[in-house]
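Down below is the structure, laid out as structure tokens.
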Amino acid sequence: MVVLRIRNVHKRKYALICLCIAGFIMYRYLGMSGRGRRMSRKVGLCANTSQFTLEGEPFRIIGGSIHYFRVPRAYWRDRLMKMKACGINTLTTYVPWNLHQPEREVFSFQTQLDLQAYISLAAEMELWVILRPGPYISSELDLGGLPSWLLQDSSMRLRTTHPGFIQAVNTFFDKLIPKLVPLQFKKGGPIIAVQVENEYGSFAKDQSYMLFIKEALQSRGISELLLTSDKHKTLKSGGVDGALRTVKLQKLNQRNIQELTAIQPNNPTMVMDYWTGWYDIWGELHHVLPPEDMVSTVREILRRGMSVNLYMFHGGSSFGFMSGALANPSYRALVPSYDYDAPLSESGEYTSKYHLLRDLLSRYKNTGGSDSLPDMPVLHYREAYEPAIMYQHLSLWDALSFTEGPFKSTKPVNMENLPVNNRNGQSYGYTLYETIITRGGLLQSGDNVRDRALVFVDRSYIGLFKRQSLELAVPDGKGRRTLSLLVENCGRVHQGRELDKQRKGLVGDILLNNIPLRDFTIYSLDMKPSFLDSLYQAPWKSLSETPSFPGFFMGRLFAYGYPSDTFVKLPGWEKGVVFINGLNLGRYWSIGPQQTLYLPGPFLNSGINQVIVFEEQEGDFKVHFEDQADLGMAADIQ
């Protein structure tokens with residue numbers, strides 16, 4: 001009996017110990033990891049003193065940008081876990097209007113564009129969110145993320161209180177903002193701040209515009225802290241009363257910070273965009289920022305007690321025709337890779353920047369409440385698949401019957417004003433203009449080609465128009481001949497004061513012997529999935545030794561088992577577009593710097609995958625798949 005009592009006492013002791021351990025674990029989970037759930041959530045993020053507070057407690061934003069629209073949805077969790085493991089506590093993302101509203105009456109917030117799911121996933125990862133809904137976002141996107149159908153209005157003045165622009169913004173915000181309101185901090189969500197427009201100080205054409213955008217957000221229920229973000233020289237003109245000003249930079253200059261603190265001396269200082277690298281331009285070198293330079297700047301920002309957002313933490317890819325362009329000093333188009341030389345590579349690989357940054361941020365304890373950072377997720381496998389041999393060919397001319405149209409017009413019509421896509425015009429891709437000529441001579445573009453045009457007479461190539469090349473000789477010939485201009489929109493300018501002038505295709509007259517050409521037949525080749533699907537019925541032919549160009553080439557990629565990430569490489573090809581299973585990966589161009597296109601495993605099927613290449617001028621008829629990215633010869637950012 002005594003022995004039994006002793007055993008019962010021991011059992012009670014063990015039970016008490018177990019309860020204590022369980023209680024401690026629950027305290028750690030609810031009190032530390034889930035501290036956001038225990039907050040009263042009445043005040044939110046405040047900027048009334050020299051340091052941010054979140055629900056009354058001191059808080060430093062250590063943010064990183066990852067854009068949901070540049071990362072395959074299947075990889076969202078992987079990328080955010082890698083962000084969390086690096087010591088980042090806040091996710092920032094832009095919202096691309098042009099992708100969410102491709103036509104006036106069409107809105108897309110599903111699958112790859114499910115912004116609510118992305119923000120909810122960030123909350124699950126215990127990341128705060130700063131949202132940047134525009135409407136203009138820049139972000140190296142075509143037209144800075146504005147939809148091209150806005151340019152159908154010949155009097156349109158983008159980023160102003162022009163009635164047509166205001167009406168369009170209101171319609172978009174009526175759809176967008178109600179989806180975001182429940183995800184705000186004060187309503188239990190992760191959104192702690194919202195940015196008003198983006199870098200308006202460098203544009204600043206309308207003093208009342210920023211107030212309109214601010215009120216458009218607040219009147220629809222945005223109640224968290226508002227921010228603006230500008231380069232140091234335009235901080236004053238880019239701000240709006242009631243929003244915290246933040247700065248964008250790559251090199252930390254004391255004078256730049258002083259300019260910010262002089263404008264708002266009693267508020268927190270935040271570098272909203274610390275550029276961890278840079279974007280790349282066709283025909284130039286791959287831009288890189290040395291890892292030591294990046295981490296030393298971030299270290300100094302943190303040492304000074306400032307908050308920071310890394311733009312980009314992970315860049316991803318500007319799939320399809322998403323990329324923008326520069327206007328000054330001359331027109332230059334951007335590549336589809338948005339690797340940005342960021343801490344996480346385009347395909348989500350760890351870089352030396354990531355490891356250095358993680359080591360630095362591990363010394364800061366406000367990244368989630370725990371004493372140590374989460375483990376780094378295991379990397380995805382990459383594979384060099386067997387090359388895809390092109391075995392079928394479809395001439396561009398044989399594909400024309402599968403386009404929407406054609407359309408007849410006395411004068412050239414720019415692509416935005418073509419009566420396609422439910423009269424929303426053509427946004428991206430190529431447009432073919434054909435007319436009849438009866439003589440040869442001097443063909444002049446008058447700088448009305450936007451942006452490149454392959455020129456044909458009776459479907460035989462005679463030359464190229466581009467921004468710097470304005471004249472072309474048309475050979476003499478007898479009778480009526482067909483003159484064709486295949487015009488490519490290489491990307492609309494994404495920043496600067498020329499946004500209103502970004503119409504594409506032929507934007508004015510083409511002269512032959514100083515006489516304007518008339519009576520055009522116009523074909524829209526926007527290369528949308530529906531067009532690619534329709535080509536199944538086209539008269540494909542077995543590939544001959546001398547196929548015609550431009551043309552479509554079809555092959556197959558075999559992926560056995562669970563498909564892995566890979567990189568498409570096209571040695572021997574000149575310029576064109578790659579489609580995998582109907583998805584537009586983006587442009588390739590032999591001039592570089594980018595030599596490979598990232599092909600995520602989730603885009604592939606187990607087994608046979610269709611590969612279609614649209615090539616403008618010259619092809620090798622074989623598409624290679626590598627296990628490493630090749631972004632070209634690198635050069636340090638100056």
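Each Cβ is built from the backbone N, Cα and C atoms, and glycine gets one as well.
All TrEMBL annotations are machine predictions without curation.
What TrEMBL records for this protein:
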type	residues	note
TRANSMEM	14-31	transmembrane segment
DOMAIN	51-363	domain 'Glycoside hydrolase 35 catalytic'
DOMAIN	425-526	domain 'Beta-galactosidase 1-like first all-beta'
DOMAIN	550-609	domain 'Beta-galactosidase galactose-binding'
Practice prompt. With DSSP as the yardstick, break the domain 'Beta-galactosidase 1-like first all-beta' (425-526) down into helix, strand and coil residue counts.
Written response: 3 helix, 53 strand, 46 coil
Worksheet item: Mean pLDDT for the domain 'Glycoside hydrolase 35 catalytic' (51-363), as a whole number?
Response: 97
Fill in: Composition by DSSP (helix, strand, coil) of residues within the domain 'Beta-galactosidase galactose-binding' (550-609)
3 helix, 34 strand, 23 coil
